[in-house]
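What follows is a set of notes on a single structure, which appears directly below.
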Amino acid sequence: MEADAKPKKSGPRLCCICNQRRAVLKRPKTLEQICRECFYEVFEEEIHQVIVENQLFKPGDRIAIGASGGKDSTVLAYVLSELNRRHNYGLDLFLLSVDEGITGYRDDSLETVKRNELQYGLPLKIVSYKDLYGWTMDEIVKMIGLKNNCTFCGVFRRQALDRGAALLKVDKVATGHNADDIAETVLLNILRGDIARLSRCTSITTGEDGPIPRCKPFKYTYEKEIVMYAYFKKLDYFSTECIYSPNAYRGFAREFIKDLERIRPRAILDIITSGENFRISTSTKMPEQGTCERCGYISSQKWCKACVLLEGLNRGLPKLGIGRSRGLNNDIKKDTKQGGGTKSIESKQCGSLDF
């Protein structure tokens, strides 16, 4: 009896799209095994389709790309530059960065953004917390501690982006928020019972009733695929996490989403779809948008959240603005009624926004 023949070794697995080149990765979103070239093509084409189907831009628009130096914003700047050239979008693109004043983190990441400015040929504008608010995040953390510091940073950053966008006179801000980020936000708003934000957190374009709209071209793009794209393209990005965010509430939601993705990759898109299809009761009263009396920014209260937090810092009572701001806004009303309050407010650092 002849000896059992040795099984033949199977050759390298071919790309399931082109069936010609060797597969080098498995797409996290679809689990398809594809080659590098096909990955570039489907990654960029999906983003192009999102832009076209949602009419995110129109010819002649001036677009600021929120650039932190991280993987998401770096890939967004690169891909938007490529698609703008390839499909003739007719956009004027700019990089817009916020310097929160975090030593050993933001100062290093901004060096990456400055290199991106040269690599992609895009003008760069940097706005800082210190110039806008008179405080850096290092100074805020020194006063408030590591708890609730992300509240200050998130509120200030949102307004700082709008201020920078106003200086650039852009029509829209494009941010690198990806599918994982949006799924996390849906989950967080459910956990917090935040109905107002839950009703709009999956919108691909937000702030259309505000000074400058924002859009998310990466709404359906997985974070893992962004990392893969940056790695294979050898893009220059900064990968260190913020030194003040380890205990952020969002971090726990992020870990939960990652666990779900390992079990079922489609879970991320399913959560986004669920958020899109939520029906908010018509009896739910949404806050009426007005204008902050101190800085002119959009607000549902007498003062916007940034000015409330800033006032707490300037009074030496940083926790005054944490949580619901109604109490401090009532104090503000009393101060204003007593006379002279508005003058002292207007003379402070926050200043006026000329939108």
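We number each residue from 1, going along the chain as drawn.
Positions of Cβ are set from backbone N, Cα and C atoms, glycine also.
Curation plays no part in TrEMBL annotations; they are all automatic predictions.
Quick caveat, the model's predicted, so the values are computed rather than measured.
Noted in TrEMBL for the protein shown:
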DOMAIN    63-247  domain 'tRNA(Ile)-lysidine/2-thiocytidine synthase N-terminal'
BINDING   Gly66, Ala67, Ser68, Asp72, Val98, Gly176, Asp181  ATP binding site
DOMAIN    290-320  domain 'Cytoplasmic tRNA 2-thiolation protein 1 C-terminal'
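In the shown protein chains, 20 other C-beta atoms lie within 10 A of the C-beta of Asp181 (ATP binding site). When Cβ atoms from all protein chains are considered, those within 10 Å of Gly66 (ATP binding site) total 22, not counting its own. Of all Cβ atoms in the protein chains displayed, 23 besides its own lie within 10 Å of the Cβ of Asp72 (ATP binding site). All protein chains shown were included, and the count of other CB atoms within 10 Å of the CB of Gly176 (ATP binding site) stands at 22. Minimal Cβ crowding within 10 Å, among the binding-site residues Ala67, Val98, is found at Val98.
Counting every protein chain shown, the Cβ of Ser68 (ATP binding site) has 22 other Cβ atoms within 10 Å.
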